[in-house]
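Undergrad: Quick one: the structure is below, and I'll ask about it shortly.
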Amino acid sequence: MNDYRRVHRLTPLLEFWTLILALFTIFALNITDSGIKGVRELLTSGGMKGIAIGLGIGVAAFLVLCVLIWLVSGIWWRAMGYQVTDEEVALKRGVLSKQLRTARFDRIQAVDVVESVIARIFSLAALRIETAGGNRSVIQISYLPKAEAEALRAEVLGKVRRVKTDELSEQPLAEEEPEPQALSDVVLPEVPIARTLVGAALHLSTIVTVIFLAVIFFTPLPLSTSFPILVGLIPNVWGLVDKSWRFSATLATDSATGEQVVNVKYGLADRRAQSIRLDRIHAATMFQPILWRLTGWWTVRVTVAGYGAEGGDKQSGTTAIVPVATRDEALAVLALVTPLNREEIEDVAKPEGHTTPTYTSPQRAWWATPFDRAQQAVTLTPHAVITHSGRLSRRVSIVEPAHIQELTYARGPIARACGVATVRMDLVKGPVSMAGEQLSPAHAEELLERLRGRTLPDYYGG
């Protein structure tokens, strides 16, 4: 156990800040009109001296608490450490209740460097290691000096590459062999800040937030009612900006294994360096919100084995591999992460709508989906399944048939009354969902049979 490396000494205090933010959120969600009225009366009744004294006492108590945490946490800090062996990464922690978590290199899906807003003040970062098994299998080593975190990330990725190489060859790489040369092709140039801000402003959640703020300003809506709602709305708007702020993506190819990885960097408050292996991408969707049609911008999201659905874990990496981009930029990335090349996308998977569909919703499906019946379609090619949907907000989704895990034939009471049926394609957990919506029963059964005949991989590790 002596070869375990220690995290930075500030780690306990940074973890304490997380608790402070959680307590503030609880306070904000439980604020009442009487409490707000009391603060307002105190501010307008000349009680500033009392406020200053109370604030000073509060700050002093907080500093004393920080010092106590610093002293007491030394025991906990000494019991925490991480280790990198030839087979796995291990993280141990705990004094009375000890915990040891490991991640084998052959199970690691992603290794990200995460710089939270508080950690960035001290030039610290966390290393987040995601393995097969979802959010519960994540190991986060926090906090380390940024340079050390980046060096540790390179070390872990090097070990992962070495495992991959050993699987391909009986002769492992020598320890002194230099790191494989990686190409640095630009997949998506850094997103301009103006585009990030305008794209967020034209998003539906932002418009709802602005309208709600106007309602608060022009109506006597109690703050005890409006404030908790704002606490729920504003983080969504912030997330739109934070996850596309100075977003850039490059493609690296490992010369030893031939493995291709998309490296993305993004973040305003929490800066993040994330790697997405192309062979872990199971499906992709290119989407254009209704108001983005004014600018011609699109977003591309991918389902990545190991990351799960975005939002399920706030610390997990982004699945928006293109947060906001022009049509040409988005199509170039879509061609990179799907089985279709650029020409094939323009031919059979045009994002504006289907061109040569295999199955479409019949006229009678109007009663089930009057808004976008004409836009719903499924297109089959020898190596891809494509679905189109959306009249105002347009969407095209692409998946390789082998990545479809299960098939579901659904026909509820309304669908039976309309004479239609739906074939749902179940994928690994993620933002991409695909289905043949409101097809004729004959076409739905035919689609089901054709997809049942798809070629499956020899093993399904993800």
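Just so it is clear, glycine is given a Cβ too, placed from its N, Cα and C backbone atoms.
Sequence annotations record features per position, and here TrEMBL assigns domain 'YdbS-like PH' to 77-154, 259-333, 378-450. What TrEMBL lists as transmembrane segment is 12-31, 51-72, 197-217.
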Undergrad: What does the DSSP secondary structure composition of the domain 'YdbS-like PH' (378-450) look like, as residue counts for helix, strand and coil?
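TA: Going through the domain 'YdbS-like PH' (378-450) residue by residue, I get 19 helix, 33 strand, 21 coil.
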Undergrad: I'd like the per-state residue tally for the domain 'YdbS-like PH' (259-333) from DSSP, helix first, then strand, then coil.
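TA: Tallied per class, the domain 'YdbS-like PH' (259-333) gives 15 helix, 39 strand, 21 coil.
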Undergrad: For a three-state summary based on DSSP, what are the helix, strand and coil counts in the domain 'YdbS-like PH' (77-154)?
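TA: Helix/strand/coil tally for the domain 'YdbS-like PH' (77-154): 22 helix, 39 strand, 17 coil.
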